[in-house]
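What follows is a short report on a single structure.
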Amino acid sequence: MNKMFENALPVLKRLEEEGFSAYFVGGCVRDLLLQRHIKDIDIASSARPEDVQRIFPKTIPVGIEHGTVIVRHDSVSYEVTTFRKEDEYKDYRRPSKVWFVDDLKEDLSRRDFTFNAMAMDTSFQLIDHFGGREDLKREQIRTVGDPNLRFSEDPLRIMRACRFMSVFNMAIEKKTIDAIKEKAHLLKRISTERISIEFIKLLQGEQAGDVLEFMKKTSVLNHLPTELQEKQNERYKDFHWNTLETDEQRWTAILLLSDVSNGRAFLKSWKLPNHMIKKVGELKAAYHIDAWSKMDLYHYGLEMALSSITLKSAMEKKDYANVKEQLHQRYSEIPITSRKDIPIDGEDILEITNREPGIWLGKLLEEMEKKIVDGELTLNTSTLKDWVKRWEP
Ligand code: ATP
Ligand code: MG
């Protein structure tokens, strides 16, 4: 059995010793069957949060109101969630009430898609009430129960269906597609932040281009935070989304492909955090640098420079591995990473020159920094002091 499941087994066994039932559930079981990388192991149990906290020495109460407690075991975190049954969804955000039921099947039935609604017991026997394994084999996405009902309950599931389609390279079952068309308008009620998270995960998938096209046809794009529908063009479909490495690259690609004039406003409408908006702004500027000077590299840093080349490769469908190598080389020749690495500072300069502080000092520092970066001045205290003495404003 997979090592991650083996490592988690003692947690389930311990719960059983205490008289509770416990199962591996959700994404980890799906990813095991798909032989994909398993991110984390989730456990569902009849034990209540207070039981879990009592039984295990190290726990973190992350979402008691949803019945979730993190158990730390051998330095790994496991989310243990009490079996749940949700009654109606009132505000399209969170279930209005969570009941704890002692029934695994009930818990699995509230999950979104058949392949996310499987469990595995402590002997690694699969529990599959809704045909998840069969759907994985047929590579099809199907909701647990009536898709119209399930999408009405929680329209975010529409975005999740698109995400799984893109990432797992799967098709969506016909009835589920019809329900997506019918319920897409409900996405307006989902918070933009949650939609953004699913949207960017979708762009990581192999099928991102096709799925964007699918979202256009089913009018899902119409109900996303911005006017992506009008912006979306052929270039989206052919773009090699899965060659990108980071979310800032993905958002920058969206901007570049869509000819958005006000990038900041566009990203704000997706409710992206400020640090992301800032990074996208920098990456977009870096992307437009054609020949990287040492000073550019020093200013943006190696990581941002390489990131812009990855983006360029995807935009132009060219392999720029050699450019990346050159940048690595050029960057390694720059003797400093910031002004702090220069052995003399403003105070030393005032002392050497015997001048009153003024704007000249900033100019001198800037010039000295540039000469060091370009290799015209060596990073040696007496050399720098001599240069300062000779400097003329
Ligand atoms: P990832 O690989 O991104 O972690 P995941 O399927 O594990 O994908 P999570 O958001 O971690 O997604 O959710 C864990 C499980 O909870 C899912 O496998 C699914 O069973 C259930 N789930 C998550 N979101 C929903 C939802 N909106 N409606 C119903 N069930 C959901
Ligand atoms: Mg998960």
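Placed from the backbone N, Cα and C atoms, the Cβ positions cover glycine too.
Any TrEMBL annotation is an automated prediction that lacks curation.
The domain 'Poly A polymerase head' annotation in TrEMBL covers 22-142.
Positions annotated as CTP binding site by TrEMBL: G27, R30, R111, D154, R157, R160, R163. Here the Cβ of R30 (CTP binding site) has 22 other Cβ atoms within 10 Å, regardless of which shown protein chain they belong to.
Annotated ATP binding site per TrEMBL: G27, R30, R111, D154, R157, R160, R163, in sequence order. Mapped onto three states, the DSSP output places R157 (CTP binding site) in helix.
Among the features that TrEMBL reports, Mg(2+) binding site is placed at D40, D42. The Cβ of D40 (Mg(2+) binding site) lies under 8 Å from the Cβ of G27, C28, S77, Y78, E79, each of these being in the same chain and 6 or more residues away along the sequence.
For 169-225, the entry in TrEMBL reads domain 'tRNA nucleotidyltransferase/poly(A) polymerase RNA and SrmB- binding'. Summed and averaged per residue, pLDDT over the domain 'tRNA nucleotidyltransferase/poly(A) polymerase RNA and SrmB- binding' (169-225) gives 92.
As annotated by TrEMBL, domain 'CCA-adding enzyme C-terminal' applies to 243-388.
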Checklist entry - Between D42 (Mg(2+) binding site) and R111 (CTP binding site), how far is it from one CA atom to the other, in Å? => result 13
Item to check | G27 (CTP binding site): secondary structure state under DSSP, collapsed to three categories | outcome: helix
Checklist outcome for this item: Taking every pair from G27, R30, R111, D154, R157, R160, R163 (the record's CTP binders), the biggest C-alpha distance in Å rounds to 21
